[in-house]
């Protein structure tokens, strides 16, 4: 076998919980730094981050150079051309936002698989090492991993139907968008959101498909750990950098003020 084995996909089925981190700043150095910290996976955010295709390739290379960390690419939407392009870049695991129905899930899977299992177009791109992996087309389908994001009330209603689609490997809850669609934004609504995410998690786990979440709120992360989630992201590069820079500034401002402004 020449096509790299998707270690993240394999780890979803067995082994410890996979811990990840979000890359929103679109820089390969940040990807390399974070991969070197020991994360199991990093998500390259092509939905909200300022990503370009060459930039995604650079981040993929940075993660690949720092094993055993795996890269996930979140594509901007359901567009089949974008899915094909990102897979051709060498990504093996894709996260797809705003999946609300089984029909959408089936179309995403179809776009990610070579015929006869799907409709992904053939091209001599980086994923096949520009033709250097002659067996790539025959081997690629088994290594592709598709994660459907559950982010709306409609998606929650359809959890079981989405999970039942062959080729959907995992479901990932988006608590921020879910809170927005349910009118649960703000600290005063946290208890209701916590109840909603707990119920959604239990339903995902009951389907037998791995569940995941991103949250900077430790209560939600712990809820998913306790509830059987298989992969969790606990931070975002942009927020982590902003907090570190701000905390350092405030600490020294306070120290200087305590010394009379010296």
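Using N, Cα and C of the backbone, Cβ positions are placed for all residues, glycine too.
As given in Swiss-Prot:
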type	residues	note
ACT_SITE	48	active site, proton acceptor
SITE	74	site 'Transition state stabilizer'
SITE	88	site 'Increases basicity of active site His'
BINDING	149, 176, 177	substrate binding site
BINDING	151, 177	Mg(2+) binding site
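One residue stands out among the recorded positions 88, 151 for having the most other Cβ atoms within 10 Å of its Cβ: 151. DSSP classifies residue 149 (substrate binding site) as strand under the three-state reduction. Apart from 149, 176, 177, the residues listed for substrate, the same chain places the Cβ atoms of 97, 98, 151, 173, 174, 175, 178, 180 within 8 Å of the centroid of those Cβ atoms.
Taking 48, 74, 149, 177 as the recorded positions under consideration, the smallest Cα distance to residue 88 (site 'Increases basicity of active site His') is found for 74. Candidates 48, 74, 176, 177 (recorded positions) were compared with residue 151 (Mg(2+) binding site); those inside 10 Å Cα-Cα are 176, 177. Counting every protein chain shown, 16 other Cβ atoms lie within 10 Å of the Cβ of residue 177 (substrate binding site). Of all Cα pairs drawn from 149, 176, 177, which the record names as binding substrate, the longest spans 12 Å. Residue 149 (substrate binding site) sits 10 Å from residue 74 (site 'Transition state stabilizer'), taking the CA atoms of both as reference points. Proximity of residue 176 (substrate binding site) to non-local residues of its own chain (separation of 6 or more, Cβ distance below 8 Å) is seen for none.
The candidate set comprises the recorded positions 48, 74. Of these, 74 has the most other Cβ atoms within 10 Å. Between the alpha carbons (Cα) of residue 177 (substrate binding site) and the residue listed as 'active site, proton acceptor' lies a span of roughly 13 Å. Under the DSSP three-state reduction, residue 48 (active site, proton acceptor) is assigned to coil, being neither helix nor strand. The DSSP secondary structure for residue 74 (site 'Transition state stabilizer') is strand.
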